[in-house]
Amino acid sequence: MYGIEYTTILTILISIILLNYILKTITNTMDYIIFRFLLLIALISPFVRTQNYGMYLPITGSLDAVYTNSTSGESFLTSTLCLYYPAEAKNEISDDEWENTLSQLFLTKGWPTGSVYFKDYNDITTFSMNPQLYCDYNVVLMRYDNTSELDVSELADLILNEWLCNPMDISLYYYQQNSESNKWISMGTDCTVKVCPLNTQTLGIGCKITDVDTFEIVASSEKLVITDVVNGVNHKINISISTCTIRNCNKLGPRENVAIIQVGGPNALDITADPTTVPQVQRIMRVNWKKWWQVFYTVVDYINQIIQVMSKRSRSLDTAAFYYRI
């Protein structure tokens, strides 16, 4: 009987020792495999060109001051490029083969025929409201107009950033903005926006909530208005409802696969809303030519430098200007 018990104990001890040996062997083997795998990654990583969606590299100047003309850029064999331009450019060029000519020129910069798309727009305001930016990289040509510089900067803000917007019922509710990224965006054929700030007793500050004529006018007869008021303060809002809509919007972040080339003007547009910071030009460049052929030639010359400060694709394939949430 004692012999059987000793045999059982001995068998258990041998099993434990054998199991321990097997586990150590497996551990050593896995360590060896993982070490070799990490070493392989470390060795090949300098030679791999990948897209980093988390890195944002802003442009700090204009094309005519910063970038160097180059014909030896990356070969974008699997990427698409959309070039958006005002219809006046096509009318001025007046050449049925001009797009084919540009495609051949883009080919010299590494962009295969068929990878570059040309899309015109009639009105930059309408385009900005729903840009439909479907390509991997999207470059928007925007003509500078010194009579509407502030309007154009708002349009650039819409194009270069993604927004999450909710409908506003201004007839029933007061609204307040809670951060710098929170704005009220009004669109329509004729938008006149008036606001009345309220105190903690919901009484107007410098205005009467029952008298619209005492409200402060922040925009008058415009197609697009981005309204920025004092954060943390309730406001009574009045707009021309029949010709305008208003939405409470939050800026989600930059649309990394979009850049704007400003055609003309003394300086590149500044869309920085915070007056306490140094103005920042975010993927906005400037070309200083009068004729559209010259503009397109410049774009072809610098396209690979422009692409380097962008990220391929954005958060969604359908990168319309706004996300609506009911």
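Each residue's number is its place along the chain shown, starting with 1.
Heads up, the Cβ atoms here are built off N, Cα and C, so glycines get one too.
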Of the residues Gln177, Gln201, Gln262, only one is listed by Swiss-Prot in the Ca(2+) 2 site with Asp228, Val229, Asp301. Which is it?
Gln177
What residue among Cys82, Cys165 is stated in Swiss-Prot to be the disulfide partner of Cys135?
Cys82
Which of these, Cys191, Cys207, shares a disulfide with Cys196 in Swiss-Prot?
Cys207
Would you count the other C-beta atoms found within 10 angstroms of the C-beta of Cys165 (disulfide bond) for me?
18
Closest of the recorded positions to Thr214 (Ca(2+) 1 binding site), Cα to Cα, picking from Val229, Cys244, Cys249?
Val229
Candidate with the highest Cβ count within 10 Å, taken from the disulfide-bonded residues Cys196, Cys207:
Cys196
Let's check the environment of Cys244 (disulfide bond): how many other CB atoms sit within 10 Å of its CB?
21
Starting from each candidate's C-beta and looking 10 angstroms out, tell me which of the binding-site residues Gln177, Thr214 has the most other C-beta atoms.
Gln177
Restricting the comparison to the recorded positions Cys135, Cys191, Val229, which residue's C-alpha is spatially nearest the C-alpha of Asp95 (Ca(2+) 1 binding site)?
Cys135
Please report the number of other Cβ atoms within 10 Å of the Cβ of Cys135 (disulfide bond).
21
